[in-house]
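*Asks:* Take a look at this one; I'll ask things after.
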Amino acid sequence: MSYRKAASARRDKAKTRSAGLTEEQKQEIREAFDLFDTDGSGTIDAKELKVAMRALGFEPKKEEIKKMIADIDKDGSGTIDFEEFLQMMTAKMGERDSREEIMKAFRLFDDDETGKISFKNLKRVAKELGENMTDEELQEMIDEADRDGDGEVNEEEFFRIMKKTSLF
């Protein structure tokens, strides 16, 4: 591989790591990182990561933080530099955006605003979309998504089933 191709490949890789973020989002991520890099070392640790993510509007669980650090902290230093943080938050921002899209779709189904998608809601949407589905097929869809067994699909169940389909 020529030097030019190698340099171009490196630039493309760097671009895709934070691709899809606006300059404003990148700046927001940089500010959160800098705020918690109190000693100016260019790195933050696990505790600081949790606080920085909260500042960006996420509520990470302890297990999620541990997994994120393990995935990113390849040298085992227990710290994350800005590039690693940017990469991680780019993925998180994408998740946040797709979650918002999925919740918009949920609200289209939940026209009676109960916080759940009922058989009646699903039947109405299928009819509006011109889908010729039997009641049995519609009930199977509800049953597939319904994890708590209440006969309806709540936001979390809807989110989970939509993520499974890879549409979002």
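Cβ atoms here come from the backbone N, Cα and C positions, even for glycine.
Annotation comment: Swiss-Prot describes D37, D39, S41, T43, E48 as Ca(2+) 1 binding site. Look at Swiss-Prot and you will find D73, D75, S77, T79, E84 tagged as Ca(2+) 2 binding site, backed by sequence analysis. According to Swiss-Prot, the Ca(2+) 3 binding site annotation covers D146, D148, D150, E152, E157. Summarising the annotation, Swiss-Prot assigns domain 'EF-hand 1' to 24-59 and lists sequence analysis as the type of evidence. The annotation domain 'EF-hand 2' is assigned in Swiss-Prot to 60-95. Feature annotation from Swiss-Prot assigns domain 'EF-hand 3' to 97-132. The domain 'EF-hand 4' annotation in Swiss-Prot covers 133-168, and the record cites sequence analysis as its basis. Summarising the annotation, Swiss-Prot assigns region 'Disordered' to 1-25.
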*Asks:* Using DSSP, break the domain 'EF-hand 4' (133-168) down into helix, strand and coil residues and give each count.
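*Replies:* So the domain 'EF-hand 4' (133-168) is made up of 22 helix, 2 strand, 12 coil.
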*Asks:* List, in sequence order, the residues of the same chain other than D146, D148, D150, E152, E157 whose Cβ lies within 8 Å of the centroid of the Cβ atoms of the recorded Ca(2+) 3 site.
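*Replies:* Surrounding the site, in chain order, are K116, I142, A145, R147, G149, G151, V153, N154.
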*Asks:* Relative to the mean position of the Cβ atoms of D73, D75, S77, T79, E84, the recorded Ca(2+) 2 site, which additional same-chain residues have Cβ within 8 Å?
*Replies:* T43, I69, I72, K74, G76, G78, I80, D81
*Asks:* Check the DSSP secondary structure of E48 (Ca(2+) 1 binding site), expressed as helix, strand or coil.
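*Replies:* E48 (Ca(2+) 1 binding site) sits in a helix per DSSP.
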*Asks:* Within the domain 'EF-hand 3' (97-132) only, compute the mean pLDDT.
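*Replies:* Averaged over the domain 'EF-hand 3' (97-132), the predicted model reaches a pLDDT of 90.
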*Asks:* To see if you understand the setup: which same-chain residues, six or more apart in sequence, place their Cβ under 8 Å from that of T43 (Ca(2+) 1 binding site)?
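*Replies:* Result: D37, S77, T79, I80, D81.
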*Asks:* Please identify which of E84, D146 has the densest Cβ environment, defined as other Cβ atoms within 10 Å, among these binding-site residues.
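*Replies:* Sorting the candidates by Cβ neighbours within 10 Å, the top entry is E84.
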*Asks:* How many helix, strand and coil residues does the domain 'EF-hand 1' (24-59) contain under DSSP?
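*Replies:* Within the domain 'EF-hand 1' (24-59) the tally stands at 23 helix, 3 strand, 10 coil.
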*Asks:* Taking the Cα atoms as reference points, how far is E84 (Ca(2+) 2 binding site) from E152 (Ca(2+) 3 binding site) in Å?
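*Replies:* Cα-Cα distance, E84 (Ca(2+) 2 binding site) to E152 (Ca(2+) 3 binding site): 40 Å.
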*Asks:* At a 10 Å cut-off from the C-beta of D148 (Ca(2+) 3 binding site), count the other C-beta atoms across all protein chains.
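*Replies:* So the number of other Cβ atoms within 10 Å of D148 (Ca(2+) 3 binding site) is 10.
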*Asks:* Please report the number of other Cβ atoms within 10 Å of the Cβ of E152 (Ca(2+) 3 binding site).
*Replies:* 20
